[in-house]
Amino acid sequence: MSSYFVNSFCGRYPNGPDYQLHNYGDHSSVSEQFRDSASMHSGRYGYGYNGMDLSVGRSGSGHFGSGERARSYAASASAAPAEPRYSQPATSTHSPQPDPLPCSAVAPSPGSDSHHGGKNSLSNSSGASADAGSTHISSREGVGTASGAEEDAPASSEQASAQSEPSPAPPAQPQIYPWMRKLHISHDNIGGPEGKRARTAYTRYQTLELEKEFHFNRYLTRRRRIEIAHALCLSERQIKIWFQNRRMKWKKDNKLKSMSMAAAGGAFRP
């Protein structure tokens, strides 16, 4: 054993100077000193602490024997009044494992009892709340059915009153007289202003009949205009406009013809 290890042990504990090792040859004196120190320090540090083990890593042929170690551990165990399950040896190589307690000997702690009691109370309260919720839902369903029956009664009474009352007569259609209708309907008003008149496209038969009538008489009377309008399925206004346009064209043609004839006659004048 080195003096450095012993000096460090003496400086760590308050009663270290009382247990300085001066005799390195006597095994019994050294074991007795360490046995007393273990018994004194075990109560101070708790859990069966038996001081510092100075025989770590030593073989059986070292300074301390196995019998001395057994006696020192026995003295430390008798000095420590702690329970066997709380005793912790310094090293696992010098003391056996404590026997585990049987399951029957382990009594439930009051904390676990209170925990189980809290769980039971929670389960009971949840069951009571579920029962209350079911009764509340059933009561609400009962109220809903009652209110639905009350709502059905006024609806049926309203239907009966509606059936008993006579239905109002539909509004009469306004009567349309013949002069209100358009005789010649054209769909050329798309995209144009409302007051603009659409261009009327005449058929070949209508144009031929109008040309023959214009050849006989360039001006029409009111009676003849009505006859032509009924014969050609046209309106009087359309007949009048066609004759106006045809006369303008005839005057233009005659004017050009007369101007050309006058120009031709002046050229041949000597």
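Note: Cβ is positioned from N, Cα and C throughout, glycine not excepted.
Record features (Swiss-Prot):
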- 195-254: DNA-binding region (DNA_BIND)
- 75-87: compositional bias 'Low complexity' (COMPBIAS)
- 119-134: compositional bias 'Low complexity' (COMPBIAS)
- 154-166: compositional bias 'Low complexity' (COMPBIAS)
- 75-175: region 'Disordered' (REGION)
- 176-181: motif 'Antp-type hexapeptide' (MOTIF)
- Can you check how the pLDDT averages out over the DNA-binding region (195-254)? 90
- Determine how many residues of the motif 'Antp-type hexapeptide' (176-181) DSSP places in helix, in strand and in coil. 3 helix, 0 strand, 3 coil
